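J.: My questions all concern the structure below.
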């Protein structure tokens, strides 16, 4: 609870604003979202990328093939219920999320007590409860789906274990029903299916045939779910933030491997993956660290294996491969701790066994002094990661998320008034580029239309080419991919690419393998028209931009936003 307290003070954040706009009916003319489809952002017949791009809800570089849709009707319904009961107040909604979190920790505690000796079970459950991975699901209302699907999926696993080991007959039916409801809540439930499959294949040791027969109900359930998911074209396509194995299989495997290593760093050592999720240049370093700590953990496990009880050995034989398999679905999307609600059951168990048994081994008088010293260093490292670094990050980041939420509302409140088209020249931070305009709409002071010209995380220069046109140039020798740039398309627009919108014609004059370097924007009216309000992000606020006369230019320095992007 103490670790979660800062998260309870976070206001409506990022997609929370979009959900409130949808439920308020203010976006009805732009798409066919409903109370059960809050996570179907773009890509349906009623929400085509071209239409949302034209309206200004998506930027001009959005791919025509973009589709970001997730099947989460139960989570959507509960978010709708929050709004119906509590309006725009975030605190009751946070308490709702906290209730799911506490319920999930309770189920995890029951599972750990069943699978491990008492000391290890206690350590594992505490490590799970204070893990940094719970930051976003508890603090961000829109990220509640891992709590719901994870809780129900783990409860299904618990019911199945009782049925298989205690002969509790209702557990067989209850497990399947709970798993079905978990799948209605979100994709993390697939991780619980992976754990259950690993239990049958590696934990029961009754032979492959009997394991397959036992898993038939879940195979049928998941098969039907995936068939429905694919036939309705759920998932993400046309976005570099989400991986598509069909487009580039080799690149897909390489990126998945990198992301899995990042997630393993959090599962094994408590290194918060959220610290790197929005900063792609950090991914290789976090992946290398994940590989290092995973190898070190396996070596430590090997050195203490003889000390493990048969209960611990039997548990780890299926829980470790199951945890790894459970992490795979999360590596396909935008990585972060929120995808680890289910795999953390295994991560906490492994960490607890290594800490308890490693410390016992380090105190053995018969071991070499160097070996004892290395064991103590390893155990202390695990303790620091799981019980110090992770929880401190979660608390600190919780306060930080609260500041981001407050900043969105402040930016919207202080933005220059505009009754026409608000043209944001450059902003790489989504809390400025996307969600501050959403907050303006909720505040009742939104412009008629919104345009974002660039989200490149670099300095720009604006060069006036005519009374109605301008070039925007990215000023850098080493082009970096902005996190929000990659969200809306999978490949950068090529030189010569053109986009026509109402009142605007965009031409990409120069581009490289990362993104556009020079773009031309031709408006259908003089840039000094009172209907066009040019603003730029600078010094923590949106400021009007004085346009130069034709033939001249002005610098547009990059300024990090509330998310430090």
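Heads up, the Cβ atoms here are built off N, Cα and C, so glycines get one too.
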J.: What range among 25-49, 50-74, 150-174, 175-199 does TrEMBL describe as transmembrane segment?
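T.: Result: 175-199 is the stretch TrEMBL calls transmembrane segment.
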J.: Out of 93-111, 245-263, which range is noted as transmembrane segment by TrEMBL?
T.: 93-111
J.: Out of 374-393, 394-413, which range is noted as transmembrane segment by TrEMBL?
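T.: The range carrying the transmembrane segment annotation in TrEMBL is 374-393.
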J.: Using TrEMBL as the reference, determine which range in 211-230, 431-450 is annotated transmembrane segment.
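T.: The range carrying the transmembrane segment annotation in TrEMBL is 211-230.
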J.: Please identify the range among 341-362, 451-472 that TrEMBL labels transmembrane segment.
T.: 341-362
J.: Kindly say whether the transmembrane segment (282-304) and the transmembrane segment (341-362) touch, using the definition of 3 or more Cβ pairs under 8 Å where each pair is 6 or more positions apart.
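T.: Yes, these stretches are in contact.
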J.: Between the transmembrane segment (316-335) and the stretches 93-111, 123-141, 175-199, 341-362, 374-393, work out which stretch tops the count of Cβ pairs under 8 Å.
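T.: By Cβ pairs under 8 Å, 175-199 leads among 93-111, 123-141, 175-199, 341-362, 374-393.
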